[in-house]
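TrEMBL has this to say about the protein:
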{"type": "BINDING", "residues": "Cys5, Cys8, Cys24, Cys28", "note": "Zn(2+) binding site"}
Amino acid sequence: MKYSCPTCKKDIEWSNENPFRPFCSERCKLIDLGAWADESYAVPAEPDLTALEYEEDMFFTAPVGQDDNSRSH
């Protein structure tokens, strides 16, 4: 079965001997990985804005193990 490398579009034969499939080479595989790493590629999704909901008092509490009286100013 022939197919095109997703990176360079070179026509190649699908083979179990190719450790880089679906890419034609390690180079093309790494180029693709780099594109995901630098966010050139992204999976489309709707942002979950409820995950960003915080109560205002959450930002004004003392760190765990401390209270307002134990801090030095």
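These residue numbers are counts, starting from 1, taken along the chain as shown.
Note that Cβ sites are derived from N, Cα and C of the backbone, with glycine treated the same way.
No curator has checked TrEMBL annotations; they are predicted automatically.
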Fewest other Cβ within 10 angstroms of its own Cβ, chosen from the binding-site residues Cys5, Cys8, Cys24, Cys28: Cys8
Cys8 (Zn(2+) binding site) in three-state DSSP notation: coil
Additional residues around Zn(2+), ordered along the sequence, whose Cβ is within 8 Å of the centroid of Cys5, Cys8, Cys24, Cys28: Pro6, Thr7, Lys9, Lys10, Ile12, Phe23, Ser25, Arg27
